[in-house]
Protein chains: 2
Amino acid sequence: MAVLETVPVLFPVHESSSSFLNTSTIIALTVFFALLCACIVIGHLLEENRWANESITALLLGLCAGVVVLLVSKFQSSRILVFSEDLFFLYLLPPIIFNAGFQVKKKQFFKNITTILLFGVFGTVISFCIISLGAYLLFKKIGITNLDIQDYLAVGAILSATDSVCTLQVLSQDETPLLYSIVFGEGVVNDATSIVLFNAVQSLDINNIDTLTALKLLGTFLYLFFTSTALGIAVGLISAYIIKTLYFGRHSTDREVALMMLMAYLSYMLAELLDLSGILTIFFCGIVMSHYTWHNVTESSRITTKHAFATISFIAETFIFLYVGMDALDIDKWKSSNASPATSVAVSSTLFAMVLVGRAAFVFPIANIANCMKKRENTKIQFRQQFIIWWAGLMRGAVTIALSYNEFSNSDTTSTEDSALMITSTIIVVLFSTVVFGSITKPMIEAMLLRNAKPMVSDATDIPSLEDLNISFLENGDPSEQGQQANNPPRRKNSLQLLISNPTSTIHYWWRKFDDKFMRPVFGGRGFVPFVPSSPTGARDETS
Amino acid sequence: MAVLETVPVLFPVHESSSSFLNTSTIIALTVFFALLCACIVIGHLLEENRWANESITALLLGLCAGVVVLLVSKFQSSRILVFSEDLFFLYLLPPIIFNAGFQVKKKQFFKNITTILLFGVFGTVISFCIISLGAYLLFKKIGITNLDIQDYLAVGAILSATDSVCTLQVLSQDETPLLYSIVFGEGVVNDATSIVLFNAVQSLDINNIDTLTALKLLGTFLYLFFTSTALGIAVGLISAYIIKTLYFGRHSTDREVALMMLMAYLSYMLAELLDLSGILTIFFCGIVMSHYTWHNVTESSRITTKHAFATISFIAETFIFLYVGMDALDIDKWKSSNASPATSVAVSSTLFAMVLVGRAAFVFPIANIANCMKKRENTKIQFRQQFIIWWAGLMRGAVTIALSYNEFSNSDTTSTEDSALMITSTIIVVLFSTVVFGSITKPMIEAMLLRNAKPMVSDATDIPSLEDLNISFLENGDPSEQGQQANNPPRRKNSLQLLISNPTSTIHYWWRKFDDKFMRPVFGGRGFVPFVPSSPTGARDETS
C-alpha cells in the first residue's frame, strides 16, 4: 500500500506472515490508528482546558511518536509513513472542506462575501509579493545563495497558503460568527488563489514577464474561481434533484447517505480532473447540499449525514496534524540540509517574520476599505477584530507542507542542501505557528472580545440590523395576502432604494424570492418537503 | 497513489496539470465514483425487481465499463485499476464484516453457534479436500499438466472461500433469520478456516506430510479462532469502558462516533499485526460494540453509527463488485493464458462442478448431524432449508479472486500459461456464481419457503419454543420480588434439567445472569444507561 508510502527499512517484512499484507503497512496503520484513538481520548480530557485543542494534541503526540520511532530506529528514521501529497489531497482534505461547506452558516458567509473575496484574492496576492520580496532581500544576508527567482516566488506562494483546518478548531462559529466566516471563508478562497499562484510560478518563464502575463494570471484565476464554483453548485443541485425525484428514502436511508457522500467526493474529483480548484468546488457542493439535498432525505439520514460528515472531517483533521507532527522529525531532510542550527533558526524566523508582515500588510488596509463600503457602524470590522483576523490567519498547515515538498523535494535546479533547508524551515514555521498561535488564539479571543467588550456580547452582527428587520418584514408580510395594498408601492420603492444603499441585503432578498419560486420547487429544500425543525447548522441559518 | 495501482499506459500524465495529483489516478477515481453513483441509482430503480440486486448491478456495470475501456484503449487494457489485495483486505473488507457483526441478530447467531461452527470448520475442510482431489483427477484429462500438488491444494483452498458479502444481500435477516445466521455465520468462520488452509498450503513441505502436520494445522486453527475472537471482544469491551467512564457524549457526538470507528478498525489492524484472522476479530468487535458500546453513546450517535456503518459497508460492497466486474476483462491474463475457449470453459465448469459437489458433500450430512443433536422438531433444519443453505453458499467472491491472484500471479514454480488459466477460470467461476446464483436465490427462497410452506410463515425458529418461554419466565419472574417462594425450588431444578436437555438455551440463560450482574455494570449496555427503545438490529434482539 503505497498511499502511505511506508519505510520498509524500519520494519522488515516477515516472510512467514499468515496475512497477505505488507507487515510494515500494517504496523504503520496500527500505530496511526492507536495514536488517533489516543488523540481523541486526550482531546476529550483536555476539553475544559482552553489552551489545548485536538490539533495541538495531535501535533505534539505525533512529535512524541516521531521521537520514539527515531530512538527505536537508532536515528535512522523518524517516520513510519512518508508524507504523501496524494493521501493528503485525495483523501484527507476533501472531507474537511466539504464538511466546512456543509456546516457553514450560509447567511453569515454570504453577507460577508465581498470582504471574504477581498481578503482571499488581493490579500493572498499581497502576502505572496511581500514574502517573496522579503525572502529575496533577506536570504542573501543569511548566506543562502543557491536559490533562483523561481524558488523565491515559490516560497511566497507556499507560505501564503493559510491553514483553514486549524482555524476551524480555534474559532467558534457560534461565539464569533463574523470572524469565523471571514477567516474561514478567506481560507477557502485563499486556497484557490495560492494554488493558482503556485502553478503559475512553476510554469513561469522568468525571462518573459510582462503585463500580459499578469493579465493572463488574473484571467486564469477568474476562470478557475467561477468554473469551480459552478461545478460545485451543479453537482449539489443534481444530487438534490436525484434524491428528490427518485424519493430514495422510500427504500433505504443508507443509499441516500451513500449517494450524498459519493456525489460530494465526485465533485472534488471532477474538479481535479478538469484542472479546477477541487476545494472551492467541494465547498460550494457542501453549501448547496445542506441547502437543498439535506432537506430531501429522511430524518435519520439528516442526523446521520450531519454527524457522519463532521466525524469524518474530524478524523481527517486529527490525522493531518498527527502526520505533520510525525513528519517534522524527518531525519533525512535534517541531515541533507546540512545547515547549522543558527542558519535554520535564522531562515525560519525570517520566513515567519515575512508571514507576519505579509498578513498585516493586507488585513488592516483591506479591512478599512471594507469598512468604508459599509454604512452602518455595527457591521464594520473594529480594530480588535482586525487584529484577530490577522492573528488567526497566521497559522500555516498541511497545505504549506505539501506544496513545499512538491517544490523542493525533487527540484532539479536548486541545490539539495538549500532545498532541504527550505523544507525543514517550512516545517518549523508550520509547527511553531500551529502550536503557539493555535494555543494562544482561543484565550486571546475570549480576553479581547468576549470579556473586555461586554456590551458586544459576542459579535456585532448578531444584533439584528435595521436592514435585516426590513427584509424580514418584506419577506413575511406578503401584501396581497394581507390585503394591505396601500402599503405596497412605498415598500417596493424601499427595496429598490435598498439595492443601491445596501446591495448585499437586497441581493439576499431577491435570492430568497428566486429560491422560493424556482429553485425549491425543483430541487427541494425546507418548506418543499415535510418540515423538520432541526438543521445541520442549527435552525436559524437555513433561510440564507 | 498506488493503493489503486493505476495503469498509466492508458492515461498519460499531463505535464501542465494545475493539480499536484497524478492524472491517471484522478481519472480512475472519477470513473469509479461515477460508476458507484450510477450503481446506487440503478439499484434503487431496480429495488422492486426481485431478480436484481446491487451486487449484480455493480458486477454488470463493471463489466460494461471494462468493455468500454477495452474499446477506448484499442484492446490494450480493460482496467483502470489493477486489482490490489491491499485495497481489498485493508479498506474494503473490514467495514463490511464489522457492520455485519454490528447489525447481526445476536440471539439467533448464538443459538445456532454449534451448527455454524460445524459448517464453517468441517464443511470448509471437506469442501477443500473434494475440490483439490477433483481438480487433481480431472484437470489431467483436460490437458493441464503443469500444476503440482501444491497448486491443486491451493485451488481447493481458494474455491472453498465462500462469499459472505453477496450472501448478505441475497438472504434477508428479517424473513429468514435461521438461514441468514447459518449461511452468514458459516461465511465468517469459513473465512478464518480457508485462510488457515491457504497459508498452510503455501508453507507446506509436500515431502513431509504426516499426522503431526494435520494436528499442527488443527492447533493453528484453534489458536487462530480463539485468540482472534478474544481480541475482538477485548477491543470492543475497552471501547465500551472508555466511552462509559469518560462520558464522551458530554462534549461531542462526533468524538464518540470517531472513537467507535477507529477502535473497530484498530481491532482489525491489531489482528493482522498479530497474524490472526482480522475478519473474525472485527466481527466479534462489532458484536460486542452493538451490545455494550452502542448503548453508552448519545441518541444521535446511535442513529449515526447505525446508518453510517451500514452506509460505509454498502459502499464497500458495491465497490468490490464493480471492481471484480471491471477486473474480469483482464486482457493480459486472457492473452497469457493462451488457452482455447474450450479449455477455459472445461476448466471453469470442472471447478464449478467441484464447488457444487464439495458443498453438497458437507451441507446435507452436517445438517442431518445437527438435526440429530436437536430434540425439538421445529428447530431442525428441513430438507428445503438444507437445499437453500447449499445453494446460497455457492457464490464465490472477491476473497476468492484475491487469493487466486496471490497464489498464481507471481508463482515461480507453475508455468505462466497455466497460472493465467487458473486466474481466468477463477474469475469465470466468480462471475457465473454471483450473477446466476445471486439472481436466482432470492426468488427461489420466496418460492420454496415463503409461498409453498404457508404455515411456516417465515422460519421455524420464529415461533417461540417451550424452552424460550421457560427462559423468559425464569428471567422475568424473579421469585424473591414477587413473593412466590413456593414455585422457586422446582424452577431451579428445571433450569438444571434444561442445561442437560438443551445446553444452548441454558447457557444463554446463565449468560444473561452473568451479563446483568458483572458485565453491564462495568461496560454499560441496555438498562445501565438511560433507556432508549430502538437498537441497531431492531428492538427485540438486544437481550442476547
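Each Cβ is built from the backbone N, Cα and C atoms, and glycine gets one as well.
Annotation source TrEMBL lists domain 'Cation/H+ exchanger transmembrane' at B:43-446.
According to TrEMBL, the transmembrane segment annotation covers B:20-46 (among others).
As annotated by TrEMBL, transmembrane segment applies to B:58-75 (among others).
Residues annotated as transmembrane segment in TrEMBL: B:87-104 (among others).
Positions annotated as transmembrane segment by TrEMBL: B:116-139 (among others).
Counting same-chain residues at least six beyond the ends of the transmembrane segment (B:178-201), those with a Cβ under 8 angstroms from any Cβ of the stretch are 97, 100, 104-105, 108-109, 111-113, 115-117, 119-121, 123-125, 128, 150, 153-154, 156-158, 160-164, 167-168, 171-172, 217, 220-221, 224-225, 228, 277, 279-280, 283, 381, 385, 388-389, 392-393, 399, 403, 407, 445, 459-461. Under the heading transmembrane segment, TrEMBL lists B:178-201 (among others).
Within the same chain, residues 121, 189, 192-193, 196, 256, 259-260, 263-264, 266-267, 270-271, 274, 276-278, 280-289, 291-293, 296-297, 522-525 sit at least 6 positions outside the transmembrane segment (B:221-243) and bring their C-beta atoms closer than 8 Å to a C-beta of that stretch. Among the features that TrEMBL reports, transmembrane segment is placed at B:221-243 (among others).
Here the transmembrane segment (B:307-326) has long-range neighbours at 32, 35-36, 39-40, 43, 54-56, 58-63, 65-66, 69, 78-81, 83, 88, 91-93, 95-96, 98-100, 102-103, 165-166, 168-169, 257, 261, 397-398, 401, 427, 430-431, 434, meaning same-chain residues at least 6 beyond its ends whose C-beta is under 8 angstroms from one of its own. The feature transmembrane segment is assigned by TrEMBL to B:307-326 (among others).
Long-range contacts of the transmembrane segment (B:346-367) within the same chain, counting only residues at least 6 positions beyond its ends with a Cβ under 8 Å from a Cβ of the stretch, are 115, 118-119, 122-123, 126-128, 130-131, 134-135, 138-139, 142, 144, 155, 159-160, 339, 381, 385-386, 389-390, 393-394, 396, 421-422, 425-426, 428-429, 432-433. If you look up TrEMBL, you'll see B:346-367 (among others) marked as transmembrane segment.
Counting residues 6+ beyond its ends, the transmembrane segment (B:387-405) has Cβ neighbours under 8 Å at 83, 85, 88-89, 92-93, 119, 154, 157-159, 161-167, 170-171, 176, 179, 182-183, 186-187, 191, 194, 198, 320-321, 323-324, 327, 355-356, 359-360, 363-364, 367, 381, 422-423, 426-427, 429-430, 433-434, 437-438, 441, 444-445, 448-449 in the same chain. For B:387-405 (among others), the entry in TrEMBL reads transmembrane segment.
Taken from TrEMBL, the feature transmembrane segment applies to B:420-441 (among others).
Through the fold, the transmembrane segment (B:116-139) approaches residues 109, 147, 149, 152-153, 155-157, 159-160, 181-182, 185-190, 192-194, 197, 221, 347, 350-351, 353-355, 357-359, 361-363, 366, 369-370, 389 of its own chain, all at least 6 residues removed from its boundaries and within a Cβ separation under 8 Å. Same-chain neighbours of the transmembrane segment (B:420-441): 51-53, 55-56, 59-60, 63, 144, 147, 151, 155, 158-159, 163, 166, 169-171, 321, 324-325, 327-328, 330, 333-334, 336-339, 343-344, 347-348, 351-352, 355, 388, 391-392, 394-398, 400-401, 404-405, 407-409, 414, counting only residues six or more beyond its ends whose CB sits under 8 Å from a CB of the stretch.
Through the fold, the transmembrane segment (B:58-75) approaches residues 9-10, 31, 35, 38-39, 42-43, 318-329, 331, 431, 434-435 of its own chain, all at least 6 residues removed from its boundaries and within a Cβ separation under 8 Å.
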